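Enquirer: Once you've had a glance at the structure underneath, I'll fire off some questions.
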4 protein chains.
Amino acid sequence: MLDHVNIGILTSGGDCPGLNAVIRGAVMKGDRIYGVNFQGIRDGFRGLVEDDIRPLPRHDVRGLSRTGGTILGTSRIGPFGEGGGGSARVKQVMERNEMDAIIAIGGEGTLTVARMLHDDGIKVVGVPKTIDNDLSATDYTFGFDTAVSIATESIDRLRTTAESHHRCMVVEVMGRHVGWIALHAGLASGAHAILIPEQPVSMEQICGWVESALDRGRAPLVVVAEGFMPDGAEIVRDALDGFGRPRLGGVGEWLGPIIEQRTDIETRVMTLGHLQRGGVPTSYDRVLATRFGLAAIDAVMDSKWGHMVSLRGIDIETVPLSEGTADLKSVPQSRWDEAAVLFG
Amino acid sequence: MLDHVNIGILTSGGDCPGLNAVIRGAVMKGDRIYGVNFQGIRDGFRGLVEDDIRPLPRHDVRGLSRTGGTILGTSRIGPFGEGGGGSARVKQVMERNEMDAIIAIGGEGTLTVARMLHDDGIKVVGVPKTIDNDLSATDYTFGFDTAVSIATESIDRLRTTAESHHRCMVVEVMGRHVGWIALHAGLASGAHAILIPEQPVSMEQICGWVESALDRGRAPLVVVAEGFMPDGAEIVRDALDGFGRPRLGGVGEWLGPIIEQRTDIETRVMTLGHLQRGGVPTSYDRVLATRFGLAAIDAVMDSKWGHMVSLRGIDIETVPLSEGTADLKSVPQSRWDEAAVLFG
Amino acid sequence: MLDHVNIGILTSGGDCPGLNAVIRGAVMKGDRIYGVNFQGIRDGFRGLVEDDIRPLPRHDVRGLSRTGGTILGTSRIGPFGEGGGGSARVKQVMERNEMDAIIAIGGEGTLTVARMLHDDGIKVVGVPKTIDNDLSATDYTFGFDTAVSIATESIDRLRTTAESHHRCMVVEVMGRHVGWIALHAGLASGAHAILIPEQPVSMEQICGWVESALDRGRAPLVVVAEGFMPDGAEIVRDALDGFGRPRLGGVGEWLGPIIEQRTDIETRVMTLGHLQRGGVPTSYDRVLATRFGLAAIDAVMDSKWGHMVSLRGIDIETVPLSEGTADLKSVPQSRWDEAAVLFG
Amino acid sequence: MLDHVNIGILTSGGDCPGLNAVIRGAVMKGDRIYGVNFQGIRDGFRGLVEDDIRPLPRHDVRGLSRTGGTILGTSRIGPFGEGGGGSARVKQVMERNEMDAIIAIGGEGTLTVARMLHDDGIKVVGVPKTIDNDLSATDYTFGFDTAVSIATESIDRLRTTAESHHRCMVVEVMGRHVGWIALHAGLASGAHAILIPEQPVSMEQICGWVESALDRGRAPLVVVAEGFMPDGAEIVRDALDGFGRPRLGGVGEWLGPIIEQRTDIETRVMTLGHLQRGGVPTSYDRVLATRFGLAAIDAVMDSKWGHMVSLRGIDIETVPLSEGTADLKSVPQSRWDEAAVLFG
């Protein structure tokens, strides 16, 4: 590469612990080893489309590995949406800023956009971000460990109050399409039932697990992913409508009352929501995110356009974006069977 | 006191971090210094009325200072409620178990029952428990510090996600009648608005604070106690009904949308709920609860019937139960004024 | 006061969680309510003597309540030490910077210097800082709760490893002259012996407690303040010299081997050291420090020169610096007796 | 397998967060799915040699996934050591207890003993435990993540105090033979130098990194594994002897003063020691340890004698013990180079 290389960085989609560590890793190595400049693109693709870009000197990434959120801001706006202007607009803004390449940090949606930009000749490298752990092209990404960690810590706290009152506790965690957070947080906290989108068990089964735990003198603990739907759920949800109650909340809020009604056990619901996204990343996520950032600038300098970084075992690799966004990584049957031994 | 003195212990009402440390403190000192026996009354007054009582040897309180919840269980059932049997029933059960006196650990309701039992000649000593910090007879009680600590830690986490998305965050904490948890957690986390039952500010004022914070480039943070009601709230809540939506959730869930609608700032709501009750007590609460337990058995051995232990400054004292339950300790105007300087 | 009032702020002595929250509280209220300017004096009295002073606008104190350390830096240098220049030099620097008054945040040494400056006619208000809790003029100061909290959390962790190996664990905490951190952390963690400077118990007594805990199947836990010295300690320390080993470490490092030798229990030592000073302040300390900061600027505007802010019960008051630095607040006999019931 | 199958479990060597979760996972699945009985062998091979064995019913493993240490106790005693009695003695004790097979949870030493027992015809399955992450046969084992997590959290705390005083901080972490904990904790906390046994850099290089960080206005942070030895270290250590000071402490304690002397930067040392072993396991370690426990009882029921469970990517596999104990997994050059970019 030539002198005065400029690399734009953006973070897009929902925020995730570790984004700042990726930024720091890329900027530190880019500055020290490759001598390139960085440009911070504000609020994901919004900043790219609207030309909202600022210099990102090394000084600005100081101490970032241990901070949550993203100093660049994020949004869900994309260049291929209404008024986005597509690749042409992106090229125009890049030229105006003399930006040579882009490191795009984001989830399935962001990486798909990155792939489309690459198909149109834009130099882009991706860094996978998914708090839900639903990308098949990488063993894990940063954010997931922090989310599981916060969920587990929260559930530990909820258990003591449930046990004191002999109650059932239903804890709703993130996971609209896949159940990884529920599976790991449930395993870590010794849940009596883990409910995930991939496995639509029946209300009978759920209540059976709750009653079995209660019979052994435990305060039953149900960990449910937000995207879970019980087998025969239309009936369940019609019944709720029958009470004249619009469903405002998530799955936990309607599951709890049904469990209480059917098992006659006082039941409380907690939705962890945004708590799981926030705060200081775990050391695991900081290391992984830092390594991703270091590998991302390497990929840029290697001209691995249209690729994303990825974790395989304990190694960082790169894979084509087309591959990385092909499949949703859902919880396989074997992992469900492994965990289900501990239910009830 | 004679040989073979038996002291019953019960925990009643909502659970609270530190209950186990009180139990441990009383039993350890009672066993070692006074040579008395302890009887664990299950689930508060329910166990007393239903004669559900077990021996509570010193071995059972081992390691308890650092555990949340209560090993004795708790309930909201009282002897003066329907089918409770009143003081007569309590006396009968105590006689049958050769129980000489009771240490009753609980909040305003429990301590009122304890006072009534005392008025009927039953030997009882109280230990104040209120996670909300609403008892005027003691500077603080255990549980409050843990609740504030968890709320503060949670808000710290929520800020990073709010800042990444430039959102307003509304966090609902406990406090049905008083705003102490909101005040302290809000101060600790640098909230731009703290809303408490004692101060019914208007929606205009709230939105003004939110906009002021936003104008300075911050992600506005509103900490609201569950018992807060804005000035002119009937209108607000009628309006909600006008949308055909029954109010299922708490104050945060309807406050958030109004803020979003009026200020045009994307707003998210988090209700911390049971999280604040649970888990390992803070060191502050462990020390205070242990000291309360030690003082409670001293009060029993001093025949301070009808009294409760209390914190004044850094000293543990005893006060009559009648005094301890007389007034609700609400947030005084001076503390509100002190904090309001930092709003907006 | 007139327009363009300038208030200097400095933090002096050992750092302490909460210093930044004091700074933030004072600056926020000074800026918003009183319209005064602030000047940040770097590294305590060093910056005052060397004229190392910078503007401290409100923007700079943003988000500070939850950060450890001090953004102003600190040192142990004083104006009355060698080359300090005394009050004359301080007055000269203040005049050159048009600084009207000083808020000095520090411990016993800092507050004594502040009192001396006040005696020489310099407008100064003090904020007490002592992680050791050894100032008699205030019930507590910020930093102490965080130190106890970190010590307690650390001891919780050390217990599991000690129990797995059936070992005795000796944990050395801060407290050169007073034993408050040891007392509170020891009570909170269920220590079998708490050793503090105020109570020079014998090695026989210490080993007795250790053996008693062991006899009951526990892993003995000894929490010792760094300033503790056993009764008859000269002998102990001579004996160590007899082994030809210069004493490099603290009390824990020579106490552990003696316990091991006398009781034949494998013993491990952990010195918590600087860990206790660092990191995010607890919510308790953030609230207290913020209130101290708010009260300090009030005291300045009230011309309470030569006074310091102070906590009494749940109220913030002011007391003359001469009073505040008169006595060391040591652990009273009653608090020792209260705790000793739980030893062994 | 026949009815009344009895499986012995032991934990051996240094304790490690997650041991209890392994025990729980194996017992829960063994009881529920396979209907086998468990026998708890006390204090590792000591209990096996001395016939100190107790029943381990499912009830006893309740809630264990979130507890540190090991309920079975541990020791470093082995059957092939002095007075151990070897395989003959082990067989004798197993027969006396009608024990059919053993699950041995431990590190390199324990697994080597397990392999030797297997070679002598004893039915044994291994579970790898190494807080240092030094076993080549598994990507990670439980305990490592908790150790890195505690080290990182501790370093975060130490930074604030170092920055307030403009000091250099040297933090010694575990790692006698390999530098994994130092590498990961150093990366996570943004260390300016990471020193590991695999890379004997010179004192000049170390001091260069420290000065470079200081030049940029940072408080230099050095993370050092206990087994690190600088290039030319004999000289260094001779020099220390020259001062007449026997080296009592670890590498940090002599490295700190040398850095201070050579760079003229005030330097403080913290040795994290046993803190890294203790306490509640992270969610990562709980999940991994639970899965190892589940897989271990599967391996027993599959008669995979002489095998150990292992993590490869995200899958649990089994490998022969002979393979699992063949190589020490040290930090490869590529991982060192990756991290060294961030030094100075």
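Using N, Cα and C of the backbone, Cβ positions are placed for all residues, glycine too.
TrEMBL does not curate its annotations; it predicts them automatically.
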Enquirer: For the ATP site that TrEMBL assigns to C:R76, C:I77, C:G107, C:E108, C:G109, C:T110, which of C:G8, C:G14, C:G175, C:G179 is also named?
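Expert: So, going by the record in TrEMBL, that would be C:G14.
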Enquirer: Check TrEMBL: it lists C:T130, C:I131, C:D132, C:M174, C:G175, C:R176, C:E226, C:R268, C:H274, C:L275, C:Q276, C:R277 as binding substrate. Then name which of C:R167, C:R218 it lists for that same site.
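Expert: Substrate site check in TrEMBL: besides C:T130, C:I131, C:D132, C:M174, C:G175, C:R176, C:E226, C:R268, C:H274, C:L275, C:Q276, C:R277, the record includes C:R167 out of C:R167, C:R218.
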Enquirer: Work through the binding-site residues one by one (C:G14, C:G107, C:T110) and name whichever has its CA nearest to the CA of C:M174 (substrate binding site).
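Expert: Looking at Cα distances from C:M174 (substrate binding site), the smallest one goes to C:G14.
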Enquirer: Find, among the binding-site residues listed as C:E108, C:D132, the one whose Cβ has the highest number of other Cβ atoms within 10 Å in the structure shown.
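Expert: Buried the deepest by this measure is C:D132.
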Enquirer: Could you measure between C:T110 (ATP binding site) and C:R277 (substrate binding site) for me? Cα positions, answer in whole angstrom.
Expert: 18
Enquirer: Take the C-alpha atoms of C:R268 (substrate binding site) and C:G107 (ATP binding site) and report the distance between them in angstrom, rounded.
Expert: 33
Enquirer: Can you name the binding-site residues among C:E108, C:D132, C:M174, C:R268, C:L275, C:R277 whose Cβ is less than 8 Å from some Cβ in chain D?
Expert: C:R268, C:L275, C:R277
Enquirer: Compute the C-alpha separation of C:R176 (substrate binding site) from C:G14 (ATP binding site), stating it in Å without decimals.
Expert: 13
Enquirer: Which of these binding-site residues is closest to C:T130 (substrate binding site) if you go by CA atoms: C:G14, C:R76, C:I77?
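Expert: Nearest listed residue in space: C:G14.
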Enquirer: Under DSSP, is C:T110 (ATP binding site) part of a helix or a strand, or is it coil?
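Expert: Where C:T110 (ATP binding site) sits, the three-state DSSP reduction gives helix.
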Enquirer: Quick check for the class: what is the C-alpha distance, in angstrom and rounded, between C:L275 (substrate binding site) and C:G14 (ATP binding site)?
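Expert: Between the alpha carbons of C:L275 (substrate binding site) and C:G14 (ATP binding site) there are 13 Å.
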Enquirer: What same-chain residues, at least 6 away in sequence, bring their CB to under 8 Å of the CB of C:I77 (ATP binding site)?
Expert: C:D43, C:G44, C:F45, C:R46, C:V49, C:G84
Enquirer: Rounded to a whole angstrom, what is the C-alpha distance between C:R277 (substrate binding site) and C:R76 (ATP binding site)?
Expert: 16
Enquirer: Using a Cβ-Cβ cut-off under 8 angstroms and a sequence gap of six or more, which residues of the chain neighbour C:G14 (ATP binding site)?
Expert: C:T74, C:R76, C:G107, C:I131, C:R277
Enquirer: Kindly state the mean pLDDT of the domain 'Phosphofructokinase' (C:6-300) in the predicted structure.
Expert: 93
